[in-house]
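K.L.:
A single structure is presented below for examination.
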Amino acid sequence: MNHKKLYIDTVGCQMNVNDSERIVTMLQPLGYTQTSRRHEAALILFNTCTVRAGAEECLLQNIANLKNLKRKKPGTLIGVAGCVAQQMGAELLQKFPWVDLVFGTHNLHLVPEMVKDAEAGRRRAETDFLDSSERLDLFPPIEGRKRVSAFVTVMQGCDNFCSYCIVPYVRGREISRRFAEILQEVQDLAAQGLREVVLLGQNVNSYGLKGEEQPSFAELVRAVAAVSGIDRVRFVTSHPKDMSDDLIACFADLAKLCGSLHLPAQAGNNRILKAMNRGYSREHYLETIYKLRQARPEIKITGDMIVGFPGETEAEFEETLSLMEEVRYFDLFSFVYSPRPGTKAAELSDELAKEVKLARLDRLQKLQAVHSRIHNETYVGSTQQVLVEGLAKRHGQVSGRCDSGRIVNLAGSPALIGKLVDVKILEGYANSLLGELL
């Protein structure tokens with residue numbers, strides 16, 4: 001077999017990471033192996049995100065920069081996948097004549113065929129959405145996973161249509177994967193020696209809510225936690241309105257379910273939340289946090305915040321800061337509002353000045369830096385169970401995660417990879433911890 005190199009530049013959410021892993025698996029029969037060196041690749045793929053304008057602009061610039069490479073190495077294939085591909089489709093082929101293939105979020109199953117066409121000189125774009133029955137059969141297994149932890153897709157798409165968000169338009173409507181199929185994949189991963197699974201979906205805790213004859217997401221979490229050989233279970237990303245009491249009870253009942261949860265609030269003011277079409281109030285969100293901490297007192301909450309939504313007043317922004325003070329997020333991903341074409345919010349006329357949005361983002365991030373530092377300082381001197389995942393950047397160290405998901409680096413040999421070890425935490429940094437093996 002002719003061995004060829006595949007380079008994938010993946011940005012965006014965990015679903016994109018998972019899709020890239022599936023693409024690697026699907027192209028192996030064609031002789032492609034993944035490389036981290038773009039210059040040696042026979043096929044360069046961009047798996048893209050369009051949630052914010054900046055990511056889309058960066059992608060278009062990256063493609064433009066490959067014009068000279070294509071001129072020097074005309075045999076190199078260039079492709080675009082993911083949400084920008086879904087949104088722009090054949091327009092990318094027209095705009096960039098050196099791009100060979102474009103495939104959307106429902107078209108991963110066509111990748112081998114499209115690559116063969118590209119190798120034969122036939123350019124192609126595929127962005128058709130599939131119906132739910134067709135999509136149910138398009139969860140190909142990911143082969144050759146040598147890591148300690150793995151994503152397992154349980155649902156795709158989103159039905160929430162938050163006013164600022166383009167995801168439902170580029171990922172499609174929600175569909176829940178078959179319960180038995182998910183459990184079989186988890187059992188197969190356990191048999192391969194993986195120790196942790198992360199249940200994945202755009203709106204993971206809406207699994208089974210759309211009239212499908214499926215168990216609830218809480219029942220799925222309990223079933224996955226019961227699989228022998230799996231030591232840790234996580235799930236991402238959750239929507240506050242779908243955080244059921246049964247699911248919250250899992251944090252009290254299941255030792256394998258890690259004590260961390262990503263629960264995006266997006267804003268702290270009720271008028272803004274309603275304008276965003278989030279489907280819950282500030283009070284409901286805080287009640288959910290209270291219930292979670294009753295179930296698992298040490299649970300670490302992470303979240304997302306959007307700053308500068310159209311019409312946001314100073315007083316409304318202050319309510320976001322006060323929500324942060326009440327929740328005390330472990331980590332927070334924060335962004336300036338970015339209008340996306342086709343969304344309801346993009347039609348609003350009262351967008352804030354850029355300097356106002358940036359100033360508010362700076363204030364928010366400084367507050368979160370204080371909270372994150374306090375969280376990290378509480379670890380110093382404690383003993384944490386760490387699942388070692390791989391080598392650290394520093395020579396002689398390995399890296400893993402404690403129950404909260406925080407990265408822990410420690411001196412140790414590669415023989416520790418895949419093991420759960422007790423570690424004493426020596427120092428806390430902005431985004432990681434330093435420990436020593438006990």
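Every residue gets a Cβ built from N, Cα and C, even glycine.
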K.L.:
Need one residue: from Cys58, Cys83, the one Swiss-Prot lists with Cys13, Cys49 for [4Fe-4S] cluster 1.
P.N.:
Cys83
K.L.:
Calculate the distance in Å between the alpha carbons (Cα) of Cys162 ([4Fe-4S] cluster 2 binding site) and Cys13 ([4Fe-4S] cluster 1 binding site), and round it to a whole number.
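P.N.:
Cys162 ([4Fe-4S] cluster 2 binding site) to Cys13 ([4Fe-4S] cluster 1 binding site), Cα-Cα distance: 17 Å.
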K.L.:
Would you kindly give the Cα-Cα distance separating Cys165 ([4Fe-4S] cluster 2 binding site) and Cys13 ([4Fe-4S] cluster 1 binding site), rounded to the nearest Å?
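P.N.:
One finds 14 Å between the Cα atoms of these residues.
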K.L.:
Which residue counts does DSSP give the domain 'MTTase N-terminal' (4-120) for helix, strand and coil?
P.N.:
62 helix, 24 strand, 31 coil
